[in-house]
Each structure stands twice: as C-alpha cells, then as structure tokens.
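Student: Just passing along the structure, written as structure tokens.
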Amino acid sequence: MLNKLIERENLSFKESYELFNMLLNESEMRIAAYLVALQTKGVTADEIAGFAKAMRDNAVKIDLGEVTDTCGTGGDGSKTINVSTAVSIILACFTKVAKHGNVSITSNSGSANVYEALGCKIPETPEDAKKSMDKTNFVFLFAQKYHPALKKIMPVRNELKVKTIFNILGPLANPANPKYQILGVNSAELCENVAFALSKVGGIKKALLVYGNGLDELTPNGTSKITEYDGKFDTYEVTPKDFGLDYSKIIPCESPDESAKRLIDVFSGKINEDRNFILMNAAAALYTSEIASDFLDGVEIAKEAIESGKVLKKLEEIRNV
C-alpha cells in the first residue's frame, strides 16, 4: 500500500482499516514513511474513517453512558489558551462530559498538560474514570491510557513534529463513544471530511466540526466555518456577532501554567479577550449537546454558569476526586 500512497492513489475504507492494523506491527521507519506519504497525498474521508474505526476497535473499552466530547485535532501550530478544556468544564455543569485528550504535539499547551496545570488528576484506570464521572459529571480520558496499541506510533509522531492523520484521529477515537461532539479541525477542508468520517464510524447523534481562520476552534476575531451533522450535513459560516459577542483579539499563550491561570481568571469572572474566546466555543458546545437552543442562548447559559460560580465549583469538584 505504500507504493499506492506514493503514487497519490486514495485508499478505500477497508484498505485504511487494514493499514492501521498493519502499522501496529511495522518498524518506526516504515510507520514514518506511511504517515508522511498519507499526509503528502492528502487524507480522504474514507481514509480518516477507516483509521478511526480501527483505532476505536483497538482501544480499551469504557462505558460511561451518553456523553459529550469537546476536542480539537491540534496541529494548527497556534499558541492559544486551551479553549477546549475550559469549554469541557463549563459543559460539565449541565451534562456528562468525557474529554478525550493528549499531551501537546504541535502547540504550547495540550489538553492533558493544561488539565494537570489546573490541579486535576488524570484517572489511571477505567474504574477511576467511572468514579470521576459519577462524582463530577466529568472525566478526562488520557489518550495514551486507552490506546495502548499506539505505543509504537507515538514516538514516531513526536519525532516527526508535523501534522499527520493521527492529529485528525484523536477526536474521532474517544473510547467512550460520545453521542455529542464539538470537534475542532486544523484546516477548512477537513470540516466536511471529518464530519463524513464521524458519521461513518457511527454512534453520533449530533456534531459540530469547526475551523476558525487558522485555529481548530471558533475564532473570536474573524469568520469561522462549521459543518453541522445530525443525520444530515449542513455547512455554514459564523462570526462573533452570531453569538452576540464583540470581535476580540487572541492573546498568545506560552505555557500550560499560563493557560491554566488564564482559564481560572475567566472562571472567576474576569472580563477580557479570553472570556469571549471561551464563551463563543462554550456556546457552540452547549448547542451541540442540545442544552442550548441556538448560539445566542448558549452564550447566556455559559455566562450564567460563570457568573454564578458554578464553573469554579465544578473545577473544584474535579480537582477533589
């Protein structure tokens, strides 16, 4: 199949599923060759779906009921606060959240890095994860603990330090099989492709695939693209005005500790550029989870949760599990 990829031929869903399983027994050099060849060719929806299905089938299983995930592909190279972690804690005030995350590959603050910087412990086992969910409505599922089959592939990804299909796969491979998902992607064309792949992997009720002018989040300073899936596909664009918010700057973030501090500032009621960034994405997550009727409603729900102290209280609950 490597020659096929080098010739820029696309793989079918079945071939992609088989290739994933084959990579688990390949040398690091050949794994790197396959990943680079796929990335250079450009991954298709069938290839994403085949890899994602195989990754889920190889994962450690965990049943947490009907949950939501807030996750981004990463790989956008940005230096921003970890918005998806902030959003997941806000969302946990209203519904069950199983956040699937990892350490940083291409950014300054991956979700696992920031989660620990917030003073939270990553559950060691599925039993610990279930305990966290039962007590707090929230659990952080550290990708490396649920995908042991990938231990040969992770060092290759770390060494390559470039975007690969695995940047796309992480959010599609949550072992809790979320019914609702807001998923940030690192390029505009991935919105439709990843939405299609998510629908093909199965189990999803509603999802929003978002890309924000260079970010795998909705951007507070420009136009964002969304592909919405709820049994059918709909693609459209939004700006902060659609959320009742003013445009605001994105302030660079240099470390997980800085990201954690700035999230706590917002949770404590500080009104700044980070707040708009978080509110916009939280509103979209609340809409995806069918808690908010639309984006404007989502902003009001998120604001109330912050201003009433619910979000800080939720963070404290999660810290104390």
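Cβ coordinates are placed from backbone N, Cα and C, and glycine is handled just like the others.
Keep in mind that this is a model prediction, so the values were computed, not measured.
OK, Swiss-Prot features for this one:
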- GLY72, ASN102: anthranilate 1 binding site (BINDING)
- GLY72, 75-76, THR80, 82-85, 99-107, SER111: 5-phospho-alpha-D-ribose 1-diphosphate binding site (BINDING)
- SER84, GLU217: Mg(2+) 1 binding site (BINDING)
- ARG157: anthranilate 2 binding site (BINDING)
- ASP216, GLU217: Mg(2+) 2 binding site (BINDING)
Student: For HIS100 (5-phospho-alpha-D-ribose 1-diphosphate binding site) and GLY72 (anthranilate 1 binding site), what Cα-Cα distance in Å is obtained after rounding to a whole number?
Tutor: 10
Student: Got a sec? Which of these binding-site residues, ASP216, GLU217, has the most Cβ atoms within 10 Å?
Tutor: GLU217
Student: Among GLY72, ASN102, GLU217, these being the binding-site residues, pick the one whose CA is nearest to that of THR80 (5-phospho-alpha-D-ribose 1-diphosphate binding site).
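Tutor: Looking at Cα distances from THR80 (5-phospho-alpha-D-ribose 1-diphosphate binding site), the smallest one goes to GLU217.
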Student: Would you mind sorting out which of GLY72, ASN102, VAL103, ARG157 (the binding-site residues) have a C-alpha within 10 A of the one on ASP216 (Mg(2+) 2 binding site)?
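Tutor: Near ASP216 (Mg(2+) 2 binding site) by Cα: GLY72.
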Student: Can you tell me how far the Cα of ASN102 (anthranilate 1 binding site) sits from the Cα of SER84 (5-phospho-alpha-D-ribose 1-diphosphate binding site), in Å?
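Tutor: Their Cα atoms are separated by 12 Å.
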Student: When you measure from the Cβ of ARG157 (anthranilate 2 binding site), how many other Cβ atoms are you left with inside 10 Å?
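Tutor: Other Cβ atoms within 10 Å of ARG157 (anthranilate 2 binding site): 20.
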Student: By CA distance, which of the binding-site residues (GLY72, SER84, VAL103, GLU217) lies nearest to ARG157 (anthranilate 2 binding site)?
Tutor: VAL103
Student: Please identify, from the binding-site residues SER84, ASN102, the residue with the sparsest Cβ neighbourhood, meaning fewest other Cβ atoms within 10 angstroms.
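Tutor: Fewest other Cβ atoms within 10 Å, among the binding-site residues SER84, ASN102, is found for ASN102.
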Student: Can you check what DSSP calls SER84 (5-phospho-alpha-D-ribose 1-diphosphate binding site), collapsed to helix, strand or coil?
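Tutor: Reduced to three states, the DSSP call for SER84 (5-phospho-alpha-D-ribose 1-diphosphate binding site) is helix.
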